[in-house]
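Taken verbatim from TrEMBL:
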SIGNAL    1-25  signal peptide
REGION    542-569  region 'Disordered'
COMPBIAS  547-569  compositional bias 'Basic and acidic residues'
ACT_SITE  H751  active site, charge relay system
DOMAIN    836-1042  domain 'Tail specific protease'
ACT_SITE  S973  active site, nucleophile
ACT_SITE  E1031  active site, charge relay system
Amino acid sequence: MPITLSRRQPWLGLLAGLLAMPALADTRLLKEPDIAGNRIAFVYAGNIWVAASDGSQPRQLTTGNDANSRPQFSPDGKTLAFSATHNGNTDVYLMPSSGGLPTRLTYHPGRDYVEGWTPDGSKVLFTSDRDIGNNRANQLFSIAKSGGTPVKWMQARAEDAALSPDGAKLAYRPIIMANRGSSGWRQHRGGDTPPIWIMDTKSGDFTEVPHPHASDFQPMWAGSDLYFLSDRGQSVGLYGYNAARGVWPVVSQQPWDIQSANSDGKRIIYDAGGQLHLWDITTGKDQTLSLELRPDLPERQPAWKSVQGNIETAALSPTGKRVVVTARGEIFTVPLEHGAIRNISNTDGAREMTGVWSAKGDKLAFLSDQSGQYQLVVTDQQGGNSKSWALSDTATHYFHLVGFADQDRKILFRDSHLHLKVIDLGSGKVATIATDPIRTTFLNGGDSEALSPDGAWLAYSQVGPSFNRLLYLYSFASGKSTPLTRGMSDAASPTFSPDGKYLYFMASTNSGTSAAGIDMSTQERPYRAALYALVLQKDGSSPLLPKSDEEKAASKEKDSDKGDKKPAVKIDLDGISDRLVALPVPERAYSELAVADDGALFYLDSPQPGASVDPDASDAPSRIMRFDVEKKEASQVADKVASFSLSRDGKLMLITGPHNALSTAKASDKPEPKALDLANLKLRIDPAKEWLQIFTDAWRMEKDYFYAANMHGLDWQGVFKRYRPLVDSVGTRSDLTALIVNMIGELQVGHNRAYGGDSPASAPVKVGLLGADIALENGHYRIQKIYSGGKWNPYLEAPLAVPGVKAHQGDYILAVNGQPLAATDNFFAPFENTAGQQVSLTLSRRSDGKDSWQQTVVPTASERELRLWDWIDANRRYVDKVSGGKVGYVYLPNTAEAGFTFFNRMFFAQLDKEGVVIDERSNGGGQIANYITDVLSRRYLAGFRDRDGKVWGSPAGALDGPKVMLIDQDAGSGGDFLPYAFRHLGIGKLIGTRTWGGLIGIAHNPPLVDGGTLTVPFIRIFDANGKWLAENVGIVPDIEVKLLPKAVNQGQDAQLDRAISEVLDELKTFKPVRFKTAPPIPDQLGQ
C-alpha cells in the first residue's frame, strides 16, 4: 500500500532527529588564525576578522564574495598580509590590521598563498605555482611590502615556509599533502607524507626534523624552538622540536584534527573542531576561545535564482505539450507554447530527482528525500494528490526512474546496487527484473530500456561476462525475461516501432577493444555499430520488403473508435532472434534510437574516438540522423547535439544542444528546432536549508556508494552526529565544502573529494603572460628566457616565439601599451585583461632604450604547458647527451588522454635508442595504463629482409633494451598502478620516492543538488596475488633517490641522473635480441 511522506523507517528517525539538532551558542568554522600580542586574526565565511586575544570584540575587516585566506600579522602587528581570490585570481594583499582598504601586491595568474613575513617586516613571503609546469608543486617567493615584482627564493619546491626570528633558518615542508584542498584524507600514509626541513639560508644546507611515516606541516618559530603540526598521532596535534631535545608532543584536540596554527613567539593559536584555541608556550595552558560573531552573510540569504544551469533531466509529455524538468532539486513542467512554468514538487530543503510522465500524461513520478530517504512520489499534473512509496527496505538510498509501465500500474527504476526493478503501485511490492554483474561506469553507453507501445513489454540491455551488453525482453504478464542476443555483439538502445511490429536496436561486433574503458588500451578505439530490426511476430515481414499498393476491404471500425489508443503488442518469442534484419546504414558510433509516428527511425551519430583533435572540443559533438524506412536511406536532420528524445506519440523531439540548451522540434525530415523558453525557470532558494540537504546527501552518498559496506569499521552514524552541528555555522558554500571534505576525510582513503557548487565569484579578469622569464637588471625588466613550447604543439601559444615577433633573450621591456615600466612596478600589473588581446611592447637591447622598437604580441592566459614542455625537452636532450645518444626519455603527465598522447609521441620516435627512461613523476592518474605496459613488454618475434635497405623486425614498435621508471610522491592513482605493473611484469626497476598510494577509484555517484561534486570511492584494486594494492601505502621504489634542495637549487636532478646511470649499467650486459643481418639468401630453388 502507498505510504505518506511522514512515514519513516526506524533508522531514519535517528537521522531526522540529528537533522533538527539545535544551533551552537558560539560561532564555529573559524579557521586559519594568527596572533600578535593581544590581537588575533582569523577567517570566517571567506572574510578576515580580528578580535582581542581572549576572543572578545570580534570585528570583520573584509567584505564581499571574494575568498580571503591566510591572514598574517606583520612583525609589528600593524599590517595584515593575506591571500584573496578576486576576479578569478588568487593574489597577495595587504591591509592595516585596524581596518581599511586592501592593497594588491601580486598580479600573476598563478595561485599566490601568503606564508608570512621576513623578520624585519619589509617583505611578504608567499608560495606560488606560477613557474611550475604541473599543478602539484609550489615554490617560495617574496615581495616587498611597498610592491614591485616578486623574487623567487630558490628553485626547490617549498610549502608552509617560516623564517626564524634572526632570518638565518627557513623551516618548510618540501612536498604537498594528500589531505588538502578538495581531498579529504586523514592519516595518509602513502607517498605524500612530508617532513619539515630546516634550511640554512646562507649555505643552503638542511636538516630534517625527526620524521616517522606521517605528515608534518605548518612550522612556526618561538625563539630557537620550532613548533609544527603532525598527524603522527591518532589525530593532527601540535609538536615542538629543537636539536637538543628532539621532538615532543604539545597538545591535541582528539578526535578533531588541528587544521592550522600560528605563533607570535609567546603563544600559539590554532583551530580544531571549528573553534579557536590558544596555547601559552611558557605556562603550557591551553584555552578554548568563545566567539559569537554577528556577520553579514550574503550567501546565506534566501533569494530567487535561475536554475537553468542546474538541469539534470528533461522529458517531453506524451503528446509534447510540456517538458518535465528536474533542476536544483525540484520537478518543474515547462510549456512548449501556452501556460506558465509549474514547480510540481515545491519542497524547500528537500531534493527531487528524475521526473517522468505517465503514459496517459495525467501523472508525474519522481524521487524525493523529504522523508529522510529517497522515495518514489506520484502526483497529478498540478503536483497534487501525491502518494509515496518506499523503494527499498534496506539502506539503499539512490535510484533512477525509467518510467511508467503496464498501463501506468507500475514504475520501472534502477538502484545504486546494479538492479533493474519494478514496483507495483497497487500493492507496493518491488520485484527485481535483472541485476548487472558489474557496474557500467567505464563501459560504452551504459544501460538502456524501452517499453512497448502498450506498456506490456520491456526491452532492456544487461552487461554480460565479456563486457558486451545483451538485449532482453521482459513480459510484465509473466514476469520472465527472454534473451534476444547471445553476447557475440554489444547490443543496446532498443526502441519499439509505434505499431508494435518491430524492435530496433544498435549492435557492435568490434566493441571488445573499447569495452571496460578503465583500461588505457581502449583509448582511441573506434566503436562501430550497425542498426537492426527484430520482427516481433512470426508472420511479420521485414520493414525493408518492397511495398505494393493494393485496395483493401473497408474497415468496420469507426473512426471515432481509433483515437490515439495504442495497439496491444503481440510478440512471438519462439525463434525471435532469427528474425533479425540489418538496416542499410554505415557502421558508426550510434546510440539513442527512437521511432517517430511516421515509422522513421531517429538516432544519434557521434564522432569516433581519436578521429581528430580539436582545440575547443564541443560538449555537443553529435548529429541526429533519420532513417526513412520507405526510402531505405538515412539523412542528417540536426547537428551540434548532445542528446535527444521523442515524445510518446512520436511527433516531437526534445534536443539537448551545447551547454545543455534545450529545444524542441517536429520529428520530421526537416525539423526546425525552437529553444525552450526557460527564462522563468526560477526557484527561491534558502541556502541554509539547501546546505543541510547537501551535507546530508554527501553523508548518504558515502554510505551508499563507498566500495565497502562496512565503511572500514567506522561508525558513520557517529561521524554524522559529530559534524552535523557545524552545519549551523556555515556562512558560505565554500565553508560547506570544507566541512564535507573534513567529514569524508574520516574514512581515511584516497579519491574522496568534494568541490564546486553554487559559490558566487567575481568575473575573471585574465592576466596575460608572455611565455618568458623576466628579471630586473640595470633598473629595468629584461627577458631571461623565451619559452617556445615545442614546435609540434599546434594549440600551444608561445607569444614571443612566434616567427616575425622581434623579441630575443636579453632584450629589455621598457613599456607596455606606451606606459613606461619602472623598477618599482609589478611587471605583471600592466598585463591585466590582456590575455588573447593585442599588446604593444617597447623593446630594446639596451637598458637606456636608445635602440628601442615597438612590437605587437598576443599574451597567453597560461604558461603552464609552455614550461612543462620546456622541462620535458630539456630532460630529453640531457638524457641524450649524458648517455651518448643511447638512452631515450619519455614523460607521462597522467594515465589518461594526455599520457596516452605523450607516450605515443615520445616513445615511438625514439625506437632507435638502446634503452629508455620512463618518467611518471607527478603523474595525475586516470586509467589503468595497460597499453603502455603492453607496448613496453613487447618481445621480438621475427625479422624482415628486403632486397634494398636495412633489416628490420616485428614488432616494429618495440624497444628491447633496458628500461627504468622514475616515480615520486606526486604520482598517484593510475600513477600508482603503472609502476606496480611495470615492476610486476618485469619491465624494469623503479627509481625515486614512494608514490601517492590511492587505488580506490571514483566516478559513479550523482552530483550534489547545486551542481557540486562529491567523488565517492566505489571500487578498489587488488594485485595479481589477491592482495589490496597500494592504497594508503604507495608503490615503494627499488632504488630510493630524493630530490634534495641544495642539489635542485644547483640545477641537478638526482633522480634522473640515477635513472640514466642505471640504464647505462644494464646496457653493459644486455645482449641485443634483434638480428641486424638476415640469414644467408638461398641459392637453390624451393628453399
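Just so you know, glycine gets a Cβ as well, placed from its N, Cα and C.
Small disclaimer: the values here were computed from a predicted structure and weren't measured.
Around E1031 (active site, charge relay system), taking its Cβ as the centre, 21 other Cβ atoms fall within 10 Å, counting all chains. Around the Cβ of the residue listed as 'active site, nucleophile', 28 further Cβ atoms fall within 10 Å across all displayed protein chains.
In the predicted structure, the domain 'Tail specific protease' (836-1042) carries a mean pLDDT of 97. Sequence-distant neighbours of H751 (active site, charge relay system) (same chain, six or more apart, CB under 8 Å from its CB) are S973, G998, I1000, G1001, I1002, T1015, P1017, listed in sequence order.
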